[in-house]
Amino acid sequence: MNHYKDFISNLIENLGSENVKTNELMKNHTSFKVGGPVDILVTPESYEQVQYVIKHSRGNNIPYFIMGNGSNLLVRDGGIRGLVIKFCKLNRIKIEDDKIIAQSGVLLSKVSNMAAKNNLEGLEFASGIPGSIGGALTMNAGAYNGEISQVIDSALVLDKSGEILNLSKEELELGYRTSSILKNGYVVLEAILKLSLGDSKNIYDRIKELTEKRKTKQPLEYPSAGSTFKRPQGYFAAKLIEESGLKGINVGDAEVSQKHSGFIINKGNASAKDILNVINIVQDTVKSKFDVELHTEVLIIGEDKLN
């Protein structure tokens, strides 16, 4: 950590000590509740601070990773070398007519609730998605036949040179769990969503219906990262996993959920290694039984722990 000394001092000077942490356990920042320490964790409060941190990191050849709410993230037990930039303090949100302008760190569920309060429809599907708007836009998150591409108008992003770009819906190139943001290594700063005026009762009824569905069908009582695998073309991942006889299989406290086999859950004290072992078992078994490759929807980062 000594070689980071001047780098950390500069970060503290520009962001304040309350926004710079060292040796921070990532298990405290992910919905899976696993993950070793990151060397440095920063929580910028403005776009200028984001630009500064990225420029400063690049200038010092220090690798960095940008995260939102950590709800689609599996951090290995050895943690992360370099820097994690967490956008939780970029959380301002406002409404202009039928548009919602939300900074990257705002939770998607909060945006959905704000839309409902203002009789704006189109975001009911997102009421139970735990991620941030930045992460949701990057991955074109969706659920129950709805996805971000249906409501996005435009977005402010930071490109690799540190310039702020305003991208139209077309320029965002949103597809199934992908976008131009992901392909080009852009960073979402702000999303502008375009909704339509609806009936308050219908909006809340739909949110209630989807909430009940989630509670009934998903293992919300345990830490997880939501759907572990992307949907393979022509199949449903959960159905393949169940038909492979893998429901309930476990390594330590990591388990394929009995409630929904598309979820791998942490039943208590699972390590990232346990979860990765379950992922590998599922992938290998489904491949040998159905000749279908399952790719993870959850993002896996960091280093393995040295024994």
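The backbone N, Cα and C atoms fix where each Cβ goes, and this holds for glycine too.
Annotated features, as they stand in Swiss-Prot:
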DOMAIN    33-198  domain 'FAD-binding PCMH-type'
ACT_SITE  ARG177  active site
ACT_SITE  SER227  active site, proton donor
ACT_SITE  GLU297  active site
Margin query: Give the mean pLDDT for the domain 'FAD-binding PCMH-type' (33-198) on the 0 to 100 scale.
Written below: 94
Notebook entry, point to check: Using DSSP and three states only, what is the residue listed as 'active site, proton donor'?
Noted result: strand
Next item on the list: Tell me the Cβ contacts of ARG177 (active site) under 8 Å, same chain only and six or more apart in sequence, or just say none.
Entry: MET139, ASN140, ALA141, LYS230, GLU297
Item checked: Long-range Cβ environment of SER227 (active site, proton donor), under 8 Å and at least 6 residues apart -> ALA237, ALA238, GLY262, PHE263, GLU297
Margin query: Test of understanding: give the count of other CB atoms lying within 10 angstroms of the CB of GLU297 (active site).
Written below: 18
